[in-house]
Amino acid sequence: MVKSHIGSWILVLFVAMWSDVGLCKKRPKPGGGWNTGGSRYPGQGSPGGNRYPPQGAGGWGQPHGGGWGQPHGGGWGQPHGGGWGQPHGGGGWGQGGTHNQWNKPSKPKTNMKHVAGAAAAGAVVGGLGGYMLGSAMSRPLIHFGNDYEDRYYRENMYRYPNQVYYRPVDQYSNQNNFVHDCVNITVKQHTVTTTTKGENFTETDIKIMERVVEQMCITQYQRESQAYYQRGASVILFSSPPVILLISFLIFLIVG
């Protein structure tokens, strides 16, 4: 009896949700038709007036009233009166005293491909050929089995890397493969970078560096593995049918 009531409520819930979605309609956007709000072309209702040669009171070729080629009245090609292409007056083509000018330089458009490329590059800042650069770590305290190497490490630990290069953990079958690859690329990259600065490494340096980087790579693997499994658990949790049904019911209560 209880199961039948629960099934009925679930059925009513989904019917109500689909009915509510079906009744929703798009509202028409406010505003007029095409080209409302004034013309965008010069000389048609724009605040700067007509952009073509003015036709004043005088006739064509007359000495007054703005005739074509005349010294007064703002004629076409004259130094006064705001004629076409003139340095004075209002409403001249290409002048600073009007709005909506033809030759106003357009603002540079942002290239979306460049933006997307920059975003992608920022995701692996410091990366190297498909490898990611881990966060800085404190150099581990390691005992090498003899006093000389222990003392050498304490005195020279600043010369060794405090970050490691690695690939995502899902590209490896086990921890050993991850650590092996991580140690090789990190030691190689640090050695090349340091050598170009004029500093060389001895055999003792390489031996100690490999041990130090190995411990750091193990730590990096543990961090990445934990984060990877947590992401996977979250996806499984929110994709289960009971959780989806519960979320749908809560959304229905909020919207309804």
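Cβ coordinates come from backbone N, Cα and C, glycine included.
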Candidates Cys24, Cys217 - disulfide partner of Cys182 as recorded in Swiss-Prot: Cys217
Between Cys217 (disulfide bond) and Asn200 (N-linked glycosylation site), the C-alpha gap once rounded to whole angstrom: 23
Glycosylation sites: Asn184, Asn200 - member with fewest neighbouring CB atoms within 10 Å: Asn200
Neighbouring C-beta atoms (10 Å sphere around the C-beta of Cys217 (disulfide bond)): 24
Other C-beta atoms that fall within 10 angstroms of the C-beta of Cys182 (disulfide bond): 24
